[in-house]
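S.K.: Feature list, courtesy of TrEMBL:
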type	residues	note
BINDING	Asn73, His78, Glu83	oxalate binding site
BINDING	His76, His78, Glu83, His124	Mn(2+) binding site
DOMAIN	28-178	domain 'Cupin type-1'
Amino acid sequence: MYFFNKLFVNGKFCKDPKLVTVDDFFISGINKPRTPNPTTGSIVTPVNVNQIPGLNTLGISIVRIDYAINGQNPPHTHPRASEILYVADGTLLVGFVTSNTDNRLFTKVLYEGDVFVFPEGLIHFQANVGKYPAVAFAGLSSQNPGVITIADTVFGSNPPIDPNVLATAFQLDARTVMDLQTKFKK
């Protein structure tokens, strides 16, 4: 009988140190723009433990975000990480909302070279308000920060959340909720 002794940390198996190579700590191409999603007008290129296995247990990751004109990285949250965003090119309206009961909005227009911090777990967003495409890079305080996009999660769940529940929560009629659910259905 064979037993495998593998250490499972942060949702990933740690690689045997004798088998680690330089490529476990490297990725190229984050300098290359990608075509934004036509629905949101942005695309996120993650560099986390899924792309660089050597990040496991280090508590850091990075993303590149490309924004079309009028594109946005819609309201979302990272349940396991704070985020620090650097605007490399363009003009972004950014913000986050504090948790209940204040629900206070902190927002600012950022220009090339500006930096903004989003606290862990808070709903936040970025929108390109400039006349040209924009690019930002964000560092996250987890090798596996997770992402929950609010509209996709609430209106695109599978199976769908009862429209009457959402109608009450969002103070809408059930038909409007069903229309939204159709738009977000995968």
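The backbone N, Cα and C atoms fix where each Cβ goes, glycine too.
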S.K.: Validating a neighbour-count step here. Other CB atoms within 10 A of the CB of Glu83 (oxalate binding site): how many?
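M.R.: That number is 22.
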S.K.: If we count other C-beta atoms within 10 Å, could you say which of the binding-site residues Asn73, His76, His78, His124 has the fewest?
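M.R.: Each of the binding-site residues Asn73, His76, His78, His124 was scored by Cβ atoms within 10 Å; lowest is His76.
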S.K.: Would you kindly give the Cα-Cα distance separating His124 (Mn(2+) binding site) and Asn73 (oxalate binding site), rounded to the nearest Å?
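M.R.: The separation of the Cα atoms works out to 9 Å.
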S.K.: Could you state the whole-number distance in Å separating the C-alpha atoms of His78 (oxalate binding site) and His124 (Mn(2+) binding site)?
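M.R.: Between the alpha carbons of His78 (oxalate binding site) and His124 (Mn(2+) binding site) there are 9 Å.
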S.K.: Using the centroid of the Cβ atoms of His76, His78, Glu83, His124 as reference, list every other same-chain residue with Cβ within 8 Å of it (recorded Mn(2+) site), in sequence order.
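M.R.: For the Mn(2+) site the neighbour list reads Thr77, Ala81, Phe96, Phe118, Leu122, Ile123, Pro145, Val147.
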S.K.: Taking the mean position of the Cβ atoms of Asn73, His78, Glu83 as the oxalate site, which residues outside that list, in the same chain, have a Cβ no more than 8 Å away, listed in sequence order?
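M.R.: Same chain, not in Asn73, His78, Glu83, Cβ within 8 Å: Val63, His76, Thr77, Ala81, Leu85, Phe118, His124, Ala138, Leu140, Pro145, Val147.
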S.K.: Suppose you look only at the domain 'Cupin type-1' (28-178); what would the mean pLDDT be?
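M.R.: Mean per-residue confidence for the domain 'Cupin type-1' (28-178): 96 out of 100.
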S.K.: If one measures from the C-alpha of His76 (Mn(2+) binding site) to the C-alpha of Glu83 (oxalate binding site), what distance in angstrom results, rounded to a whole number?
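M.R.: Counting only the Cα atoms, the answer is 12 Å.
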